[in-house]
Amino acid sequence: DLHREQQNSGAAMPSKFQVFRGQGLSMEAFEKMKKTKGGLMSFNNFLSTSRNRDISFKNFARPAAFDADSVGILFIMNIDTAICTASSTPFVNVKDIGFFDDKEEEILFSTHTIFRIDRIERIEDKHTDRLWQVNLTLAGNQDNDFNKLTAHLREELDVAGTGWSRLGSILIKLGEPVEAEHLYQLLLEKTSSNGHKAQYNGELGTVYVGIGEYSKAITFYERAIDIYKKMGPSSQLNLASLYNNIGAVYYNMDECSKALSSLERSLEIKKIALSPNHSDLADSYNNIGLVYCNMGEYSKALSSHERSLEIKKIALPPNHPDFAQSYNNIGVVYYNMGEYSKALSSYERSLEIQKIALPPNHPLLADSYNNIGLVYCNMGEYSKALSSYERSLEIRKIALPLNHPDFALSYNGIGLVYDKMKEYSKALSYFEKARIIWEKSLPPSHWYISHVKSNIENVKKKM
């Protein structure tokens, strides 16, 4: 247990220190890292570092620079043990089992340790121009909002249980649904507890939402509901959560009447069981607002989203990701009402919070860039629109599995911009990409499919 090891070995470490990590990075990944300078990054596995710069540089970073497909990176990480303690970021000194005996002074950090990218600069070397130094600071240093945020996220995750179950919740939060799926399937096979079976089925539903398999998601949510219904009144809030989730999935499938029915059922349970300003009520109002917006009832949608935001301001810490959700959804309503300047302001506020609160390639960032691109397109600022859509697509290529329906949002948006710019062959190419993905991943009646087919017909007439 890394937390326990840190307590046992932490006394030997100074309060502030540097560690180093040398590795190769693909050219594509490095270019993306340079674009996120000043933002956050996390290492997805246990992070092996060394207190010995020479070993990290000579044995790992420099050799990688001579690989034709990569650049050599020397990460220099500034660690403050007070931040490690405050943010529950465990580390352990494993120098006795390293490959370089005690010379390496290996320090191992837990999975998903988050850093801020401070500086990226070239390392001068007469034999190669592909050596770079990246200076990182453990996230939370002089960043009170980040500490409040991560503390609150840990409180949210605590309710999911301990150990492996909580790890699955963390993976979902960090936008890694495939890893979470494998974990929850394994846990489901091993457990004999009805409570755990219901929980893991519900979590698997959330995983399948994350990878765009909506029908499968509903199946697992309904399995969880069947189990909880047999467990009595103590499971009411679990049922409310699942009805809320099912409503959200029906919304994604464009089945608005089913969505509204499920969401209102969830809200009624929550109103009885929870205090008036509980954050779970904000979730319900938010999702109901989404459905009303999709139904074209914009005043009801705006009212629901504003009620959700009011509750969040009371219940949540500053810069919680859910604020970004509210501002984004308010932006969607304003966009549909044709109030583009208000929409752009809301989308940009959402994006600012996401950049603080989320890893740099989280799928929600892609959603924000996509929406900003759509507004710019309608305002006639086509170069800005294209830039936003392309940034959205870059993130989705990193964060989502191939043929996820959200790829088509980027392709369709890029097609719209090229259409406006009268570059019709490019527009047609992107519309066709969107059509192929949506026809594979969405029900035939979904309006996205008819929308992109209409775009294809219109652009063909102009060619």
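Just so it is clear, glycine is given a Cβ too, placed from its N, Cα and C backbone atoms.
Note that TrEMBL annotation is computational and uncurated.
Per TrEMBL, these features apply:
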REPEAT    198-231  repeat 'TPR'
REPEAT    240-273  repeat 'TPR'
REPEAT    282-315  repeat 'TPR'
REPEAT    324-357  repeat 'TPR'
REPEAT    366-399  repeat 'TPR'
REPEAT    408-441  repeat 'TPR'
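Long-range neighbours of the repeat 'TPR' (198-231) within the same chain, counting only residues 6 or more positions beyond its ends whose Cβ lies under 8 Å from a Cβ of the stretch, are 160-161, 165, 168-169, 172, 175, 177-178, 180-181, 184-185, 187-188, 191, 238-239, 241-243, 245-246, 248-250, 252-253, 400-401, 404-406, 441. Non-local neighbours of the repeat 'TPR' (324-357) in the same chain are 39-40, 145-146, 149, 282, 286, 289-290, 293, 296, 298, 301-302, 305-306, 308-309, 312, 364-365, 367-369, 371-372, 374-376, 378-379; each lies 6+ residues outside the stretch with a CB under 8 Å from one of its CB atoms. Applying DSSP to the repeat 'TPR' (366-399) sorts its residues as follows: 31 helix, 0 strand, 3 coil. Remote same-chain partners of the repeat 'TPR' (240-273), defined as residues 6 or more beyond its termini with a Cβ less than 8 Å from a stretch Cβ, comprise 202, 205-206, 209, 214-215, 217-218, 221-222, 224-225, 228, 280-281, 283-285, 287-288, 290-292, 294-295, 442-443, 445-448. The list of residues near the repeat 'TPR' (282-315) in space but at least 6 beyond its ends in sequence, with Cβ under 8 angstroms from a Cβ of it, reads 244, 247-248, 251, 254, 256, 259-260, 263-264, 266-267, 270, 322-323, 325-327, 329-330, 332-333, 336-337.
Secondary structure by DSSP for the repeat 'TPR' (324-357): 31 helix, 0 strand, 3 coil. Mean pLDDT for the repeat 'TPR' (240-273) in the predicted structure: 94.
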